[in-house]
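Colleague: Here it is: the structure, laid out below.
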């Protein structure tokens, strides 16, 4: 490590080897304690802490927490019994000879001391205060470590990709609005009054054009933008690791992506085993009620539709009945089962039917009495429960029932402490449908076209080989060559083989209800490019903020972003966004009116 | 290198070692020639070319330029006399057994063949056509190589910085408008109607806040935005390598930056000698008439003010007279000297006085007769000219005259072929003034405040140590701790020690004519942050597009950017910026009117 004008050593570079030497350190006063007229100061810099002893009261008097100081002194062994085994510098201390105050500090709105953080994180103020004083929040060791982890992830991913001959290419962010399923941020173009740029939702079309341009292997850690309504844990600008390959199949992309993931996980100190498991989209929905299943634990959903097909219980006379076992959950007090009802209702369900297998063959719970004798008899075996387990049921339309049961299994695991932050269950979800219905009320994406079908991924996704000829005749069943990578119940990446032929792209746009004219207007340039020798290509994009959150064990993506926005897209620190003066507005050209002829 | 679903080898992986083997290659048909019923196809992929021989006329018939094909065949040695020493694969060829056309191509609007490019670049169409079909332009080897060079530069810079323990951190691009000397691009905030984000001109304030946040060593290859009027060779969005260090002096930053520069130059195949020379801003202006002098050649400006202080020649009765020698330029025909007058007038000068030293002590040229005998006598020695040289003069205000002479010396060097693209003359320009006058008519930056002074760099630049107490009493002479790095007459980077104390920042803002209220409104968050222990810090930013242009020998920064904008900020390929439909405009909230009470 280098030295600078202000120091000879970083704090943690002061070791037993420096005993007897004079050193100069610089940093913040993390904590000050006084014992019998002697001041003990923990000096903090980006590497950690070192203890400074100050015998001279004059020198010590002005020093306060978070003052920035430069201290020169002699290194000595700590007196016996004063070692601090928690610190790498815990066996030495610096006896201060000279102290320069480089900057003072007002009393902080909240404490950032390393020592306090180690004792408890609970003293943190609300997130709005943390965001307003983000520069102070960033001094906390956990934030320092989150942000530094991101840098390590970047380096690891780039090294893996460079090693596979990928070329990093920057794509523009003042682009033409393209249809990718969310709302664009728009930028008025002063030099072309009445016209607007859009900020990219992703470099999707541009990376496809790079493939047409012959680069074959591209990547970029790219800033992307979506102007969405408030959603917890989303940001208006976010980062993705964006990758595209020519002359590549789904298998080629998956093999490449696994190398990247293994490298990134390794950089964070974790091993993953390759190849990563795969599950079909349909299996994920059936077994886990989610297209991003959390596989840190099992406890699959058991379909009971067939079992209850002749049931006298009206609630179970439904197109779909499924169950999830709560291992050892039979002896929850009634109050707790009532709590589950509330939990289900908050998710929009009517309630959550359950039975308890209390042992001795006894079946308890409000549903029990509604079942036929035969149903009661075989139930425990049919749902794979044991004595002492409870079982939750959902009945109704297949998709919403599975989704509820999927949430139930995660909530059970959460209560059982099975969701460990340092355990990573990665899986590929494959065999996605090409389209989905625009009627789905749970879906808050914007349909890209005007028909009853919208793209499951995006309009540039290739139908799977079996469906090339027929996808537009049977959009409800057509499958695509696309894939998501899921970790611990979060989608951390997704991609597809892309359409590289104008004829197929035209047919997909027709299914989506996008007219030729609209297609020409919105991405005629892509269709034009496909006329001049477009290679087959495929790619993937990783949600880099989410991946960083998972790897750092943070509670929110805001904890892995240096300067995030709050939920409403605001920055409490700078006050962005802000009103602008009329002359600045006039310059943007948004009020331009074309002259009439 | 890896193989994919579509190929066993890249084109240039097919070597003598593969002779007798069956290989599959995939790529574009770069060129096709036919000889005696046999077709010869150059197949191009991202690694280069390989020759394919097709004996089967059926197979060969449909193949056209830029078709995308997959070809399987046996590798053989080329028949004697058919070797191509220009190709790494020039000793072998593939005898085609199977050809799959993966995509067809219409006739191209311009040729992109590697073979043609090697013969002549002059066949390229105008830049608008190149930009409209950028995906084709990018297939040309020179564009491929420019873009790949950028990736190498990125990797080299990051490795050097990682090695010095810098941490890569992303800063937001939807920020609050900050005063940095140019116009901001603005983004309406739909969720906060009537409010706007700005796109950053640089991460300046955010990186300073990262220093307050304790990161100490930060870097980022950052996208930046300036909404400027048309200027040749500028882009509305551009990239800088942005770096900041805490507890660092100017010397620390320069030493660090030189490591980065050496690494980047090395990645491009060039050596630079460290340490890099330095020149003071005043010397640069006096000797080279520019704060970004081209030092690939000497030919300094000679000040002649004193020499001509009693001259009878009215033109030279000026506050400043300077001269530049045109070595061997005495025997230019009169027509050519007239051309120089036109050249000078196009730059806004009245003309360009000159004399010719033709030998035999004879002094020619229109100015000669206006000089006194004594002036004529000593002139050749005073300007350091020799027989056969011409000398150009400028007289008038010091700054504009020096600027003209600075341009003259570059133009002379250009005509003499001294501006070699693969020769790099790097220099630090140091000792800049802190402020400059807002009266300067040549300066097209926007003043950040409302006084007669604006910042030479930006308002966050630290006065030099000598001026800390007095800079606001004598802004005309105050100096700053700032530095530019210049290469071949282009500024490729610049930085400064920053102000980290509220009191100094307040005084600088006062000189700039920024009121307390305005300061609070615009960057109160920075002044607030300085209250809580801000470390001394300093940094630099490199203009990454310009650096890539210089290192690649490209004529324009547009040639090192994958998808650049044309001069008016437009993209001929996508048609961005574009009008938006009324409903999209309504959503942006730009027409929001607050309700009256």
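Note that Cβ sites are derived from N, Cα and C of the backbone, with glycine treated the same way.
Please treat TrEMBL annotations as automatic predictions, because they have not gone through curation.
Residues annotated as site 'Important for tRNA non-discrimination' in TrEMBL: A:35, A:81. Per TrEMBL, the feature domain 'Aminoacyl-transfer RNA synthetases class-II family profile' maps to A:147-564. Per TrEMBL, L-aspartate binding site is recorded for A:180, A:226, A:457, A:498. Among the features that TrEMBL reports, region 'Aspartate' is placed at A:204-207. Annotation comment: TrEMBL describes A:226, A:227, A:228, A:235, A:491, A:543, A:544, A:545, A:546 as ATP binding site. Marked as region 'Disordered' by TrEMBL: A:564-597.
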Colleague: Relative to the Cα of residue A:228 (ATP binding site), which of the recorded positions A:35, A:457, A:498 has the closest Cα?
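Modeller: So, spelling it out, the nearest of the recorded positions is A:457.
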Colleague: Could you round the CA separation between residue A:491 (ATP binding site) and residue A:35 (site 'Important for tRNA non-discrimination') to a whole angstrom and send it over?
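Modeller: The Cα atom of residue A:491 (ATP binding site) is 53 Å away from the Cα atom of residue A:35 (site 'Important for tRNA non-discrimination').
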Colleague: How many other Cβ atoms are found within 10 Å of the Cβ atom of residue A:228 (ATP binding site), counting all protein chains shown?
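Modeller: Excluding its own Cβ, the number within 10 Å is 17.
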Colleague: Restricting attention to the domain 'Aminoacyl-transfer RNA synthetases class-II family profile' (A:147-564), give the mean pLDDT.
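Modeller: Average per-residue pLDDT within the domain 'Aminoacyl-transfer RNA synthetases class-II family profile' (A:147-564): 94.
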Colleague: What is the nearest of the binding-site residues A:457, A:498, A:544 to residue A:35 (site 'Important for tRNA non-discrimination'), using the Cα of each?
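Modeller: Sorting the binding-site residues by distance from residue A:35 (site 'Important for tRNA non-discrimination'), the top entry is A:544.
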Colleague: Using only the Cα atoms of A:226, A:227, A:228, A:235, A:491, A:543, A:544, A:545, A:546, which the record gives as binding ATP, return the largest interatomic distance in Å, rounded to a whole number.
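Modeller: With A:226, A:227, A:228, A:235, A:491, A:543, A:544, A:545, A:546 as the binding residues for ATP, the largest Cα distance is 20 Å.
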Colleague: Residue A:35 (site 'Important for tRNA non-discrimination') has how many other Cβ neighbours within 10 Å of its own Cβ?
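Modeller: So the number of other Cβ atoms within 10 Å of residue A:35 (site 'Important for tRNA non-discrimination') is 8.
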Colleague: Name the residue among the binding-site residues A:226, A:498 whose Cβ has the smallest number of other Cβ atoms within 10 Å.
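Modeller: So among A:226, A:498, the binding-site residues given, the one with the fewest Cβ atoms within 10 Å is A:226.
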Colleague: Once the DSSP letters are reduced so that anything not helix or strand counts as coil, what is residue A:498 (L-aspartate binding site)?
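Modeller: The three-state answer is strand.
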Colleague: So how many other Cβ atoms are close to residue A:457 (L-aspartate binding site), meaning within 10 Å of its Cβ?
Modeller: 23
Colleague: Please list, for the region 'Aspartate' (A:204-207), how many residues fall into helix, strand and coil according to DSSP.
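Modeller: Computed counts for the region 'Aspartate' (A:204-207) are 4 helix, 0 strand, 0 coil.
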Colleague: Among the recorded positions A:81, A:491, A:546, whose Cβ has the fewest other Cβ atoms within 10 Å?
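Modeller: Per-residue Cβ counts within 10 Å for the recorded positions A:81, A:491, A:546 bottom out at A:81.
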Colleague: Around residue A:544 (ATP binding site), how many other C-beta atoms are within 10 angstroms of its C-beta?
Modeller: 27
Colleague: Say you check the Cα of residue A:544 (ATP binding site) against those of the recorded positions A:81, A:226, A:457; which is nearest?
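Modeller: For residue A:544 (ATP binding site), the closest Cα among A:81, A:226, A:457 is found at A:226.
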Colleague: What does the structure give for the C-alpha distance between residue A:81 (site 'Important for tRNA non-discrimination') and residue A:546 (ATP binding site)? Integer Å is fine.
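Modeller: Just about 45 Å between their Cα atoms.
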Colleague: Given the binding-site residues A:226, A:457, A:498, which one's Cα is the least distant from that of residue A:546 (ATP binding site)?
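Modeller: Minimum Cα distance from residue A:546 (ATP binding site) across A:226, A:457, A:498 lands on A:226.
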Colleague: List the helix, strand and coil residue totals of the region 'Disordered' (A:564-597) as derived from DSSP.
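Modeller: Tallied per class, the region 'Disordered' (A:564-597) gives 7 helix, 1 strand, 26 coil.
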